[in-house]
Amino acid sequence: MKWDEIGKNIAKEIEKEILPYFGRKDKSYVVGTSPSGDETEIFDKISEDIALKYLKSLNVNIVSEELGVIDNSSEWTVVIDPIDGSFNFINGIPFFAFCFGVFKNNEPYYGLTYEFLTKSFYEAYKGKGAYLNGRKIKVKDFNPNNIVISYYPSKKIDLEKLRNKVKRVRIFGAFGLEMCYVAKGTLDAVFDVRPKVRAVDIASSYIICKEAGALITDENGDELKFDLNATDRLNIIVANSKEMLDIILDLL
């Protein structure tokens, strides 16, 4: 199967159908609750239905933020977040994406994260590098004098101490897409140790970051392990280097 073609076709159809809802609270409404307890807005449901239209005929396992798990006993599992950054989307904040991760026998195989408003396709096949619209990308070199990170506040970390270690702290509100910003060298790191992140948030960008040279660990600095479901919450650190990772771990 040509997973890149499938993912891009889904992304472009979702884009066509949901962008009229961007920033339009008056047009959106809640249609249900996801397996993890989050409210499902109509644009989430529209996006998921489009993805399912493509995927169900393939008879693969499916994990989706809104639906949960469809187990077809396949060697292939597709993990999707129809809209990464739903809060941003409905509030008119231009930072949200479609996430499409493919696993073979539970191992990362292909990842696609599509940033709608910049029309940016981040993607990677295992062992073949990471790309942004066909251009190869990699994490930037560590520079202690110019560290820019995205961080989700936690009582585990002293924010003032963190600010003394880095030049800029940002919170963008779409973790999977933020991971891609590490992969392309815009951010040095993104991390969340509350824990709040789920597999659906990171499945597509995980392989993109790994192929771009990023380190992805848990709060102890061990390589991140996660199950392919829509409910488990994770602590995750994504860093461009061992030096950056050590700075974050020293704060925990």
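Just so you know, glycine gets a Cβ as well, placed from its N, Cα and C.
Going through Asp4, Asp188, Asp192, Asp201 against Swiss-Prot, the one listed in the Mg(2+) 2 site together with Asp81, Asp84 turns out to be Asp201. The record from Swiss-Prot ties Asp81, Ile83 to Mg(2+) 1, and of the options Glu65, Glu66, Glu107 it ties Glu65 to that site too. When Cβ atoms from all protein chains are considered, those within 10 Å of Asp81 (Mg(2+) 1 binding site) total 34, not counting its own. With Asp81 (Mg(2+) 1 binding site) as the anchor, the candidate binding-site residues are Arg170, Phe175, Arg194, and the one with the nearest CA is Phe175. Annotation note: Phe175 (substrate binding site) sits in a helical segment as assigned by DSSP.
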